[in-house]
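Working notes, structure below.
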Amino acid sequence: KSSKREWKPLEDHSCTDVPWLLLFILFCIGMGFICGFSIATGAAARLLSGYDSYGNICGQKNVKVEGIVNSGLDLTHKKYVFFLDPCNIDLVHQKIKSIALCVSACPRKELKTLADIQKFAETNGSTLCSYELQPSEYTTDPRAAKLCPKYPVPESAPIPFFHRCAPVNISCYAKFAEALITFVSDSSVLHRLISGVMTSKEIIMGLCLLSLVLSMILMVIIRYISRVLVWILTILVILGSLGGTGVLWWLYAKQRMSAGALETQIAKDNLQALLIYAIAATIFTVILFLIMLIMRKRVALTIALFHVAGKVFIHLPLLVFQPFWTFFVLILFWTYWITVLLFLGTTGSPVPNEEGFVEFRMVGPLKYMWWYHVVGLIWISEFILACQQMTVAGAVVTYYFTREKRNLPFTPILASVNRLVCYHLGTVAKGSFIITLVKIPRMILMYIHTQLKGKENACARCMLKACICCLWCLEKCLTYLNQNAYTATAINSTNFCTSAKDAFVILVENALRVAAINTVGDFMLFLGKVLIVCSTGLAGIMLLNYQRDYTIWVLPLIIVCLFAFLVAHCFLSIYEMVVDVLFLCFAIDTKYNDGSPGREFYMDKVLMEFVENSKKSMKEAGRGGGAEGRELKPM
């Protein structure tokens, strides 16, 4: 026993995994360098102000590009990008296949002839034809057919902040819309769906708010209904397995009795299949009953943990808002990441293409910067999610290992955030990097599978899917282990590897209890999600039904149900996280304490009752036989 390291919850705090924090900071500096490089090379100006096909940035003076005519122009008064054929979209390369020019104003009405284009140029001073043509030559020069826009020129308006002239009528992008929305064959259907969403926007917002309120209410009351949910689930599983097995045997017996001498080969095959299914269902039912018999005592622990988790949310109400802060930080980071990605799309040196126009391309090692940027997306996103897990773990650990709840910090969540920032950012960086190492190969394999769709043989497709599935399972297992490692770090202030090893040992010692919590508990939370989605959907049907005569309410209802599921998942995943942290604390508490003086339990009264009941069951079973007594031993 002396060789085992004792757990000393919340006794001291020290910095953990500092080298990994330094590595993460260096990586973030590299991300900042990519952003600074793209801005310094003019990518930000080209993205925001726009540029023409000759490499000129609109709204400023430009430098001459060797070998390119019409480059190096002073376009100070021409601030908008205009495409001669804005509807010619290349879906493969995701760009507009048209000459781009800088103009001083977008055409605010449709121009049907060259004369209208000439009149627009003379009236507004905005030349819509190529720079080498003067407005007076629009109707006389034979080059106008190639150097002037395709007419009729659609009415357009500048896109806010990006200075591009975009057609007001989106029917111009019909091909693009068909590629994105393959199920819409009639454009009027799309218009009716969109109008239905716009007409019902107040109802949609109200229903989304309802799903938010229902999720919060469920998190509070789930501790009171957890016992009922568990027994309802148990009864449904028993009835379902028995009913399914009975129906299969009944069908087999019925077909065998009705089979005549002239039965066909198909009938024989069906009869044999029914027999196989019935035998398989019987074996499954017997195994299921044995598992439920073994785990029946451990289900009580799941109910007790759900009850205590409800108390945690009463004492730590700020936990409810944790998904909001995480989502807000993720949105900020994703906005920054997409902005820099757009910068990278216009970064590089001007290079003439085969058509004689200018493209901006990165050469040498710099062209691989976007790979670094993609890795940054995954690592930093996982880092933000891991910070949420560590914050929740720290707050719940503080609650559990504080004997007098009156002595809790004023805001345990903020105290947990403070400990995270001061001591454990390196541990979070290391844990999130491990998840990134697994996620990147899986994404690469998924990309390869998508690109080779329809080209590879069946064996290669099966191998790819198997590898993707294995990596997904490994990622889920590591995520669960990481979360428990963060809890161990919050308790003992140890580095990531030591915490992961300690947590793994505890989980292995309580493998059956872990299985019970992760099956019964997860299914209970899934039922909660279904309850919220169904309640929100029912309210949506009742409200949207009043608009059935003048709007399509199928799409608004789908949007509301998807949002309700997303909200329920975010909130109940926090609940699941709290239950997992409580279980690890409970396992540590019962392993190193026995209730004697000097080794008192930290646990809640509900968990204490569970331990006492387990001890009574162990003593009663011990009188009946040693083997059974060992089976019912609580730890």
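Backbone N, Cα and C define each Cβ position, glycine as well.
Feature annotations, courtesy of TrEMBL:
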TRANSMEM  20-45  transmembrane segment
TRANSMEM  203-222  transmembrane segment
TRANSMEM  228-253  transmembrane segment
TRANSMEM  274-294  transmembrane segment
TRANSMEM  300-320  transmembrane segment
TRANSMEM  327-348  transmembrane segment
TRANSMEM  368-401  transmembrane segment
TRANSMEM  523-544  transmembrane segment
TRANSMEM  550-572  transmembrane segment
Of 20-45, 203-222, 228-253, whichever stretch has the most CB pairs under 8 A to the transmembrane segment (368-401): 20-45
Chain residues outside the transmembrane segment (228-253) and at least six past its termini with a C-beta under 8 angstroms from it: 222, 271, 274-275, 277-278, 281-282, 284-285, 288-289, 292, 299, 302-303, 520, 523-524, 527
Range from 203-222, 274-294, 300-320, 327-348 with most C-beta pairs under 8 A to the transmembrane segment (523-544): 203-222
Other parts of the chain folded back onto the transmembrane segment (203-222), taken as Cβ under 8 Å at six or more residues beyond its ends: 197, 229, 306, 309-310, 313-314, 320, 524, 528, 531-533, 535-536, 539-540, 543-544, 556, 559-560, 563-564, 567-568, 570-572, 574-575
